[in-house]
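Enquirer: Grabbed the feature section from TrEMBL, which reads as follows:
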COMPBIAS  A:33-50  compositional bias 'Low complexity'
DOMAIN    A:75-134  domain 'DUF1587'
DOMAIN    A:160-222  domain 'DUF1595'
DOMAIN    A:382-477  domain 'DUF1588'
DOMAIN    A:496-566  domain 'DUF1585'
Amino acid sequence: MQRRSISASLWLCTVASGCYSGAASTGDGPDPGATEGAGTVGTTDAATTASEPTTGDAPPADECQTIDLSPTPLRRLTRAQYDYTIQDLLGVADVPSAALAGLDAKVGTFDSNVVVPLDTIGVSSLADIAEQVAGIADLAGLVPCDVQNLAPDAPELTTCVREFVRDFGARALRKPLTTEEIDRYVGVYDVTRALAGETPATAVRQVIATMLQSPYFLYQVELGAAAPDSRGWTPLGDHELAARLSYFLWNSMPDDALRAAADAGLLEDDAQLLAQLERMLADDRARRGLGAFAVQWLELDHLDWVEKAPHPLVPEFGDDLREAMKREAADFMAMVVRDDDARLSTLLTAPYSPVPDELLGLYGLAQPAEPGGYVQLDPARRAGLLTQVGWLATHANPGQSSPVLRGVVVLESLLCTFLPAPPNNIFPPPPDPDATTRERFEKHSSEPSCAGCHLYIDGIGFGFEGYDAFGVVREQENGLPVDESGVLRGYGITDKPFEGPVELAQLLADDPVVRDCVAFQWTTYALGRILATADTCQVADLQDRFAAHDGDMRALLGDIVTSPAFRTLVFAAQ
Amino acid sequence: MTATNHRKSGRWGRRKLLQALGLGAACAPFVPLLDARGETDPAPRRLILVYTPHGTLHKFWNPEGSETDFVLPELLAPLAPYQQDNLIVLKGMRLNGQGGAGPHTRGMPLLFTGSEQLPGDKYKHGGAPPDDPLGWGGNVNASIDQVIAQGLAGATPLNSLHLGYQVGGVHVANRMSFTAPDTPTELYEDPQHAWDQLFGLAALDKEAYERLKTKRMSSMDVVRAELEGLRFKVGSDERPKIESHLAALGDIETALINGYQCEVPPLGEPIDFTANESSAEVLSRHIQLLAAALRCDLTRVATLQVARGEWDANTYPWIPAPMTDFHHAHTHNAPEGSEAEAYLRGIRRYYAEKVRELADALAAVPEGDGTMLDNTMIVWGTEVGHGQTHQFTEMPFVILGGKSFLNSGRFVTHQDVAHHRLLVGILHAMGQTSIANYGENDVDVGSGPLPGLLL
């Protein structure tokens, strides 16, 4: 197989104006970048063959000699990471962080704050939340003395507060504090304590509020363990690496065991780092990080706003159902990686799933799963993530299936193949009670000017026509039999015909293009940054290892965390 | 209490103000700014930029008649009370620019920055190279509200105020205001949040305020010391993030030290400020907050963003729709005379009613011989001319208020004039008269303000 370098943007097709067979809800889609590419730029001929442009400086991936890396951006915690960190640090479960939602950005389809700096509203919001959280935290387990009941002038307070700042500070700031830093935080205590109406306890709360506003808390601060070499590389510090690991796997801060390993310098050793990875995967918090990958990779976060028309099984599409749909995909990913064989092929073909009770009806099932267990599904109708009702419902129109939405997500998320924007003045095929969705789209897309892209999109999307707008299995639509045959086409994939979603899932699971793309997506998620031309050889190396491990995602996670990209801080060239 | 982008904090002349009032340095932290401006001073000019998504339906928007004698059709009819002397309807404007992405995506940041998006890898899927036209490198200018706010920095406690509803995450296609290239301006979505920040401290008694101030200053000193320590340790490309954070701390601190007194507006019960059903209530609260902030002279520049260019996912559930789907989807499937078109008319009429509500709130505040509206320029725009065609021509711009400095009460038909001229006109109206061209232009659009706009 020919492997493409990252510099190869995929222009499978061109858009001619005047026609577009998008469904009613698609076209220039919700996710910037997902479907609104450059309609007017790109390939100029109407050829539908895949080509590999030769942009960028990196060698073709199969000629890699050495690994290069693009610079490391400073990452600010996402809202989810912020919430989980406060939960793990302070035991406060309900973090009043709604104001942070509008500050979150994406890298690819993944949440990561690497581009836009904080400004006044953001900083003051974070201050407000910090004060609120510090005000409700239970100090009993945090402070080494009974600060709430000691007399305000109790002599042991001095030592107690200093120890609290040192120990709690090391957790909150994710690094040991210097003496100067400890002095500063003790200073906050002293200033507050001296005010009329304040107590030792409220002064401690003010210290906590301050730490929650520290850049070491709000950002993944990475300064490196040594001066950068001629390439601008320096190994991450022990605690910096620990934080990368914990935010990757847990979406949260390191725990005591990981901090102890960092303190002891153990993480510099690959075997020790991998031992931590295994330990952390076994911890329940791994469901957060693995689950978030699944939800964001497949764009199930669109469930926050997609609408659904009333359905016989779902009179009203409420938050409980939306969350259950996300949870199924998240839990499935976590279970495949942690408890199953961790194979990509299992993820994409398994006829079982941890179906939440709320979704049983959509699967036509009555018997709930054992807690923490799988439900067996009909192997003729269900195979892996892409046949879960959540994915199918997210990528559908409110009242009908959408071969276009489903086809586009498979191309982008699983084949790493990107499409140009649809043309401007398009009318989707209107609903027709006498035709199937497929018939309407086939007719519409047969225009030569549309077929260039829709050959790829619909060829995949038609494979899911045996599911309605909610992912419920159907054999007929409008009284007509559904046709779920299709052809898988994509970069590096020459026409592979299939009959139905189970066969499509098998084709995807077996395809090296999908395998490479999944390695690419995991790497993007782990690093929280755009993979650029310079990263081509690093990514190719991880893809080779993923192939050698026969698509074992657990092995991939190990290869990622021990890779130069994960262990290194790279400064931009001056 | 906050001050967005308050970069020249030293210029807000509290000391000067105190001298003028004959007060000593021991004065309370709250300086009643309204009183500070003498009755005889001319009222300040103010600017509010309003955005609503997905264009218009020209058939129901284009006025009929002559420049000064015209009839407002359905989608502008709510503005009729201001038609005589406080309204300008601009026909024939063109959003000028190409950029790398789809029309909703590139129209949004283009609207008030006049700058096209660059190819690049800042906002996009991974996997494509930095020069890939699939990517967005952001835009190359600040938006005009920020240029104006920078020019006015120091005149008011806050340089500018930004409010929005259902604006989505941080992305160039989700924001109308940019503090700098690539840098969407932060905004408030929760009216309660905005209220807390704008008026929360003003509602405290002096003792509580002083105590809070001391504690917060103490915390900010530590945070600042840590940021300063990191400033030159992080990579040079990352330094702006630290510096922006530091500048924000400076703004917050300045506002905390100076304080301000303001008539605190009422605030309703908590609501789900992101829900589809909450649209009208959230926007009403935003409008009341805006009017209160302008009345106190907390700021003179504001933006109000309704949804986003990329994809308005609101269903406007109180407006009858032919089928379950949201606003953006319907714009792609609304042939003339269809039920979907009627639904879109309902949405666009609703926007006009909200713009009217904003004008009403300002018109209710007496100022000089007239009202605050007469000295406030409300500019209402959208990211495409029409949601179906995605055209950048016939952009439906409307200007309300500002009759003390605008040639108002008119329906003006231009012949495909680039919106850059309008941007320059707004800049001139707000005192930036040295700017002859604003934004990035591949073609010659002429220079100077839009002809006939200013008195």
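Backbone N, Cα and C atoms are what each Cβ position is placed from, and that goes for glycine too.
Tell me about the surroundings of these features in the structure.
Expert: Mean pLDDT for the domain 'DUF1587' (A:75-134) in the predicted structure: 94.
As a summary of secondary structure, the domain 'DUF1595' (A:160-222) carries 44 helix, 2 strand, 17 coil according to DSSP.
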Enquirer: When DSSP states are grouped into helix, strand and coil, how many residues of the domain 'DUF1585' (A:496-566) land in each?
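Expert: Result for the domain 'DUF1585' (A:496-566), in helix, strand, coil order: 54 helix, 5 strand, 12 coil.
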Enquirer: Looking only at the domain 'DUF1588' (A:382-477), what are its DSSP counts of helix, strand and coil residues?
Expert: 47 helix, 4 strand, 45 coil
Enquirer: Report the listed stretch (A:75-134, A:160-222, A:496-566) having the maximum count of Cβ pairs within less than 8 Å of the domain 'DUF1588' (A:382-477).
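Expert: Checked against A:75-134, A:160-222, A:496-566; highest Cβ contact count belongs to A:496-566.
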Enquirer: Over the span of the domain 'DUF1587' (A:75-134), count residues by DSSP class, listing helix, strand and coil in order.
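Expert: Grouping H, G, I as helix and E, B as strand yields 33 helix, 7 strand, 20 coil.
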